[in-house]
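As annotated by TrEMBL, transmembrane segment applies to 32-51, 63-83, 95-112, 124-144, 156-175, 196-215, 227-245, 257-288, 294-313.
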Amino acid sequence: MHAACAVGLVFAGCCSNVIFLELLARRHPGCGNIVTFAQFLFIAMEGFIFEANLGRKKPAIPIRYYAIMVMMFFTVSVVNNYALNLNIAMPLHMIFRSGSLIANMILGIIILKKRYSMSKYTSIALVSMGIFICTFMSAKQVASQSSLSENEGFQAFAWWLLGIAALTFALLMSARMGIFQETLYKQFGKHSKEALFYNHALPLPGFIFLASDIYNHALLFNKSELYQVPVVGVAMPIMWFYLLMNIFTQYVCIRGVFILTTECTSLTVTLVVTLRKFVSLIFSILYFQNPFTLWHWLGTMFVFVGTLMYTEVWNSLGVSRRQSQKVDKKD
């Protein structure tokens, strides 16, 4: 499959996934667990059939290493989704998660003893400033929205602080998982599709502890109004339709990223994912009319300019331009 097709899958899948996630979260803010469970179950079933060959294929990486990775992956997924129930708006949720570069750099310096160029530190400073601006402005919005009483305003702000703490924890845990996965790939070779399957299959028993919440939200989904599904012509509760579309678009998104890693360089993959986050943010703001001030736009600009600087896109473009000029001179 060509790289252009993979890019299309990433943009179509990931951007539309954000829309269906917010449609779910707006109606039932605490539905993160059932959404996460449904995504894990679908990807695990698909991987069991096509990757694990119904359990007959032996994994290239020992299961014990996947078990460690799975504990990290499961925790990150649940905490990120649950943060939506802690006064965290979707735009802030997306911008905050864009700070993965910061977390990776910090843990890379601490754990892997890495050193970076000045341009890398500058890009991280921009991303940090952008996240700080958006976080601070969202904090002011939370305080202003809770105007019923001083006690309720403090309670809403306390929940918001807990949400920020949850996002920070998930960010650092995700970076640690990436470093752990990088060391595994160096030792056993790259097996991205296998890792995708085991990261979603092994955590499934852990959802037993969340069974009550998942069941309660399933009942709430059953009570939502009926929706006539286009083309198919079947009527179903609209919340289940949103969930099915969220699962499908999440799968398309993940598959698109996987295909892209096999077709393009890591620089191109990082650039595509970064631009996808920006497009998703614009979708969320315009489609759902989320409150977004000029300060939010300034913070967003810092985040994505810093991310592009980190990937050294400008240097790559300069090299490509010089190479094309050399070819023109030869001709």
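Any Cβ shown, glycine's included, is placed from N, Cα and C.
Segment contact is absent for the transmembrane segment (156-175) and the transmembrane segment (227-245), given fewer than three CB pairs below 8 angstroms at sequence separation of 6 or more. Within the chain carrying the transmembrane segment (63-83), a Cβ under 8 angstroms from the stretch's Cβ atoms is held by residues 30, 32-33, 35-36, 40, 93, 97, 163, 166-167, 169-170, 173-174, 176-177, 180-181, 184, 195, 198-199, 202-203, 206, 210, all 6 or more beyond its ends. A Cβ distance under 8 Å defines the sequence-distant neighbours of the transmembrane segment (196-215), meaning residues of its chain 6+ beyond its ends; these are 30, 33-34, 37, 39-41, 43-44, 47-48, 51-52, 59, 63, 66-67, 69-71, 73-74, 78, 254, 258.
Proximity of distant same-chain residues to the transmembrane segment (227-245), defined by a Cβ-Cβ separation under 8 Å and at least 6 residues beyond the stretch ends, is recorded for 16, 20, 23-24, 27-28, 34-35, 38, 220-221.
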